[in-house]
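Enquirer: Have a look at the structure that comes next, please.
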Amino acid sequence: MTNIRKTHPLLKIVNTSFVDLPAPSSLSSWWNFGSLLGICLGLQILTGLFLAMHYTSDTATAFNSVTHICRDVNYGWVLRYLHANGASMFFICLYLHVGRGLYYGSYTYSETWNIGIILLFAVMATAFMGYVLPWGQMSFWGATVITNLLSAIPYIGTDLVQWIWGGFSVDKATLTRFFAFHFLLPFIISALVMVHLLFLHETGSNNPTGIPSDSDMIPFHPYYTIKDILGFLLMLTALSALVLFSPDLLGDPDNYTPANPLNTPPHIKPEWYFLFAYAILRSIPNKLGGVLALVMSILILAVIPLIHTSKQQSMIFRPLSQCLFWLLVADLLTLTWIGGQPVEHPYIIIGQTASILYFLIILILMPLVSAMENYLLKW
């Protein structure tokens, strides 16, 4: 008798995706992050669902409802901090996953890569709206500043901002709709994840060498399921340590002050995972220019497959490109640091230099160095 997992219409899909899936035998731990992101998404949906049962999306009660969750609900503080720090863990895994794709040339699978970019935008939008919900000072002013950026769009900008706000300022209508979208988007993300996997399984996984591995495949289960479980344990250990020992480490103290439209915080900044993009936004003195640079800092990922000039897919045998890649990583860390600093000398010039370098490395230096490596191969 044939195994039910190979004949049942539903189980057959699971089987071909997670059990009998042929996978390259050389996959390193850098390939763990896809499954870690799946765990993060599941955790966020689960904790978010229970938080939504106690949260009220009204400007008068939102802040108090979060306090109520932490103080009065059984293990409410665990749910709240798992959700907040789970978002940080989500972005750590997300950025490492994208970095892996850049380093090993996974962007040549353009359908999977493009769906990944859409996913990145969707997760960023969800995280931004989630940050507004506790209705602290940084929630309110973050929402005001970031939504206001849309007013830089010529002609329709001001109307667009007021349409998003549901009034003439960030208020009750804004909070209610942000809660609605924050609840809805993770389910849209889940659907996009399935499309992401569908496209991935059309081509099969890339591998560290960048050389086709059709002749050397192993079943996903048990080899990579066990490997993924190790990743789960390490990530959940790190997340548990963060939640139980230092839950506010990555948060902003200003968000423990209820939102007050009459009192602007001295330094408005988003969560740490948006600081690199925020630094790029601030480094351009022109409002529209800053907004375009902000969008392009993420959208530039879509251009990368088009400017891949190397004859090799992966960077593993390309030392010059490796140097540029790690320079880009250092540049992004610098931008993240600058995004959290006040707008004053010398941070302004450092931010502007790092922003120029970011686009310079990706758009000009990487294609040039790749072409040079092709030339060196002839020797």
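A Cβ is built for glycine as well, from the same backbone N, Cα and C atoms used for every other residue.
Because the structure is a prediction, the values reported are computed rather than measured.
From Swiss-Prot, for reference:
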type	residues	note
TRANSMEM	33-53	transmembrane segment
TRANSMEM	77-98	transmembrane segment
BINDING	His83, His182	heme b b562 binding site
BINDING	His97, His196	heme b b566 binding site
TRANSMEM	113-133	transmembrane segment
TRANSMEM	178-198	transmembrane segment
BINDING	His201	ubiquinone binding site
TRANSMEM	226-246	transmembrane segment
TRANSMEM	288-308	transmembrane segment
TRANSMEM	320-340	transmembrane segment
TRANSMEM	347-367	transmembrane segment
Enquirer: Return the count of C-beta atoms lying within 10 angstroms of the C-beta of His182 (heme b b562 binding site), excluding that atom itself.
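Expert: Total other Cβ atoms inside 10 Å, all chains included: 21.
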Enquirer: Which residues, sitting 6 or more apart from His196 (heme b b566 binding site) on the same chain, put a CB under 8 Å from its CB?
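Expert: Correct list: Thr112, Ile115, Gly116, Leu119.
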Enquirer: Under a Cβ pair cut-off of under 8 Å, which of the recorded stretches 33-53, 113-133, 226-246 contacts the transmembrane segment (178-198) most often?
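Expert: Highest pair count goes to 113-133.
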Enquirer: List the Cα distance (Å, whole number) between His97 (heme b b566 binding site) and His201 (ubiquinone binding site).
Expert: 17
Enquirer: State the three-class DSSP label for His196 (heme b b566 binding site), counting H, G and I as helix, E and B as strand, and everything else as coil.
Expert: helix
Enquirer: Please identify the stretch among 33-53, 77-98, 226-246 with the greatest number of Cβ pairs below 8 Å relative to the transmembrane segment (113-133).
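Expert: Looking only at 33-53, 77-98, 226-246, the most contacts with the transmembrane segment (113-133) come from 77-98.
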Enquirer: Same chain, outside the transmembrane segment (33-53) by at least 6, Cβ under 8 Å from its Cβ: which residues?
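Expert: Counting only partners 6 or more residues beyond its ends, the transmembrane segment (33-53) has Cβ contacts under 8 Å with 69, 79-80, 82-83, 86-87, 89-90, 93-94, 96-97, 100, 182-183, 186-187, 189-190, 193, 228, 231-232, 235-236.
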